[in-house]
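Asks: Before we start, here is the structure in question, set down as structure tokens.
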Amino acid sequence: MGKEKTHVNVVVIGHVDSGKSTTTGHLIYKCGGIDKRTIEKFEKEAAELGKGSFKYAWVLDKLKAERERGITIDIALWKFETPKYHVTVIDAPGHRDFIKNMITGTSQADCGILIIAAGTGEFEAGISKDGQTREHALLAFTLGVRQLIVAINKMDSTKWSEQRFNEIIKEVSGFIKKIGFNPKSVPFVPISGWHGDNMLEESTNMPWYKGWNKETKAGAKSGKTLLDAIDAIDPPQRPSDKPLRLPLQDVYKIGGIGTVPVGRVETGVIKAGMVVTFAPANVTTEVKSVEMHHEQLVEGLPGDNVGFNVKNVSVKDIRRGNVCSDSKNDPAKEAGSFTAQVIVLNHPGQIGAGYAPVLDCHTAHIACKFAELLEKIDRRSGKKLEDAPKFVKSGDSAIVKMIPSKPMCVEAYTDYPPLGRFAVRDMRQTVAVGVIKAVEKVDKAGKVTKAAAKAGEK
């Protein structure tokens, strides 16, 4: 068996017709968690419906339809393996809610796979000024995705043309460079997601193709196929090295034990004996024990849903939406105000200063006022369009100063990603999403329990 493989999350980006469903379907199908029985069932259905030619995309459509109907699909279906990694596809291609999912999604993508259709006209449509591709790639970059793989798909439709491949590399390099990626660190792979060329095995149809290479801080790497390129992703730095952030989902009072906050560790580590601070409640106390699934844990790591017992704190002191942190290592604080880049998705009117919708950020659900619209920016290029706009409407992106109506704890996205992205809810729908750029933190004296004071003296 050997060592457990490292997990990486990829997000697949590309125009609706770039063939990303087929390509993703192919990888999941060939290297993934779909068992033989399910595949045979899907293939039979596809053939009966005369969709034989779409079998990979069809597999994906089936999965997607089931997911959207709320049938919980075995999440293994969205996974595949490379020699080095367990890969999870965190946003399935072609999703209407791509932007919302990317920003409010639970996981952070480690790498983007940009799928470009090589066919004449198709490539141009995908990358045109209003192109979705551009926007999704910029969004991935804004959300901290720094590794990218470009798969140039449907090479069969260009008769496997080297000239077309090089032409596209040139265009795409310029395009991703504008966003902020370094083309030298990006593998460009010519593929056919449908026929399987250069997906897992080297293609015999493109003898001119000598392979891809990339240079990153981790050194130079080269390979032939898309699978090679995914296997060559630089291993992500995991958030266990960061200071602790654990947003509370609930706080229970358990007879004979006391107060037990519950939540998911987003960054850092929590263990018994630690002195923790809850923000914005501003209460500091000692952790007596940590458990998961009713078993004692030595430590809770990022991704773990834990319950932990705290001394001398009543259920009234802390609540859902509070954030637990290490009192000695960048403790969490209340946010007096913060600036964020907000993308308006669907709002029927105009949004101006004074608008005060509810923000969902980690487990907090609190109204925040749009105090000032600082600038309007171009969603596709990230460039400033105007200073201090009066209003923003659907489709606009703006830098906004926001003030919470009640004490709230949030962080800059670059410091603690899960606490730095939010959804704006109004009229029972998500009207906008945002990424926090900077937070003005409030310093004030808080309550330190006897247990914490004692533990601090040790």
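Glycine is treated like the rest: Cβ placed from N, Cα and C.
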Asks: For the annotation region 'G1' in Swiss-Prot, which listed range does it cover: 14-21, 126-133?
Replies: 14-21
Asks: Ranges 61-64, 121-124, 153-156, 301-304: which does Swiss-Prot label region 'G4'?
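Replies: So the range that Swiss-Prot calls region 'G4' is 153-156.
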Asks: Choose the correct range: of 70-74, 390-394, 415-419, 445-449, which one does Swiss-Prot annotate as region 'G2'? Give that range.
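Replies: Matching range for region 'G2': 70-74.
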Asks: What does DSSP assign K390 (N6-methyllysine), in three states?
Replies: coil
Asks: Fill in the CA-CA distance, K390 (N6-methyllysine) to K79 (N6,N6,N6-trimethyllysine), as an integer in Å.
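Replies: Distance (Cα to Cα, whole Å): 45 Å.
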Asks: Counting only other Cβ atoms and using a 10 Å cut-off, which of the recorded positions K20, K30, K79, K316 scores lowest?
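Replies: Selected from the recorded positions K20, K30, K79, K316 on minimum Cβ neighbours within 10 Å: K316.
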Asks: Which residues, given as numbers and ranges, are at least 6 beyond the ends of the region 'G4' (153-156) yet have a Cβ under 8 Å from it?
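Replies: Result: 14, 18-20, 23, 115-119, 122, 165, 190-195, 197, 203, 205-206.
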Asks: Would you mind checking how many other C-beta atoms are within 10 angstroms of the C-beta on G14 (GTP binding site)?
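Replies: Taking every protein chain into account, the count is 29.
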